[in-house]
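Asker: According to TrEMBL, the record shows the following:
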COMPBIAS  319-337  compositional bias 'Polar residues'
DOMAIN    45-416  domain 'G-protein coupled receptors family 1 profile'
REGION    319-340  region 'Disordered'
TRANSMEM  31-50  transmembrane segment
TRANSMEM  71-97  transmembrane segment
TRANSMEM  117-135  transmembrane segment
TRANSMEM  156-175  transmembrane segment
TRANSMEM  236-258  transmembrane segment
TRANSMEM  363-386  transmembrane segment
TRANSMEM  398-419  transmembrane segment
Amino acid sequence: MSYSNENLTLEQLEEANALKEAEEISEILRIKIEVCIYVVVFFIGGPLNLMALSKSLRAFSRTHKAKSQILLLRITLNLADLMTLFLYVPKQIIWLITYQWYGGEFLCRACAFFSTFSFYLNSFVIACIAIDRVFGAYNISSLNAHRKAYIRCRNLLGCGWILAFLLSLPQAVVFTTTSPYEKIEFKQCATIFMIFLHEKRIEYQDPSTSDIRREEIDAEAASMERWEKLYAINHFLFVFWIPCIIIVGSYIVVLLILQGHLKQDKSSSSSSCFNFRVKSSDLTLDDTQSTTTRSPTRSTYLLQQEESFALRSSSSYDFESHQSHPTRQGSIKSRASSGGGTKFGAMAVTTIHRAKQHAKRQAALIIVAYLCIWSPYNLFTVLNLFGMPIMEELRHFLSFLNAAICVNTVVNPIIYGVFAMPSRK
């Protein structure tokens, strides 16, 4: 009987060792995959962001009078992505390979600050872009709004930089170096919450610790865990959830505004065509007649309105050069009498419609890219914070999702580089 029990014990030990070896192998594989993600992101995202930043700076330096708010937003976004790529990503690669901290106390606090700062700034810049799109959609046919857009974006980005700096400062206090093992030379850059809980766990497991002291340790540990959870909730609120609410809300407003403008354009277009047919007899005046001896008809006025609105809405048209060569009323009427007026009016409505559809596609693409890349990690982290049972099985995927967030540094220069290029005349 004892022999059987001994065999059972040996079998249990073998199973435990086999399970431990399997876990170690899976952990090594997980680390290798995570390092590969960071390396690929670094070597692809780095050149992309440097090229995008160089192009944006050159374009920004060429605009002497009216600075573009789009360029300002792109430059700030590139800077945030470059901070992530050249500060956070290398730190993660080195830590995953060595699994301990060799940088000392100053680098520990500095890397913690700048890593968090880059993530805050990235989210805040995208939120600023969303807010700018709301004003852009509301003033889609206004030239005067462009002059105020740069100042507005500059102020928004200034607030974003300051807020990101202030929210990142606690990281320089919370993170510090520690040696968790007394007899082994092993250092980590960890939070004061983790260090406190580790020390209390060692004290709790000490045989000389009394039961009364263990109860006190339980209370202290529970209090520290609550503070750690509050700190983490505050971090995730500002780094993702609040900017996410701003972004989604802004683009809902953008789509509603554009939908309202589209309905207005359709109704005004049908009204203009009706008035054009009723007053077509007024458009048969002679081209040689002096424009100072006749008053413009209702149809001519409508055509001029459509022309002005189309020129303001089309980003590929040189409005200033057109203003320097005003069109004679006779020429407009001549084009209208020959059928060109209706074509011009339809072209104006089509151009406006295409511009709005382009803005809608851009808004949808930005939302999908940001939410698809950032949401999984932040959602699973919230579930982990509140101790959801499902996270016991998905806990190992959190590190992959954290690495996947850095893919956004590759996507950003592609999206904003394609859709925010300066328009050609």
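In case you wondered, yes, glycine gets a Cβ from its N, Cα and C as well.
Help me understand the surroundings of these features in the structure.
Answerer: Mean pLDDT of the predicted structure over the domain 'G-protein coupled receptors family 1 profile' (45-416): 76.
Among residues of the same chain six or more beyond the transmembrane segment (398-419), those with a C-beta under 8 A of the stretch's C-beta atoms are 30, 33-34, 37-38, 41, 44-45, 48-49, 51-52, 55, 73-74, 77-78, 81, 84-85, 88-89, 92, 119, 122, 129, 362, 365-366, 369-370, 373-374, 376-377, 380-381, 384.
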Asker: Look over the recorded stretches 31-50, 236-258, 363-386 and say which has the most C-beta pairs under 8 A to the transmembrane segment (71-97).
Answerer: 31-50
Asker: Six or more residues beyond either end and a Cβ under 8 Å away: which residues meet both conditions relative to the transmembrane segment (31-50)?
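Answerer: That would be 78, 81-82, 85-86, 89-90, 92-93, 96-97, 399-400, 403-404, 406-407, 409-410, 412-414.
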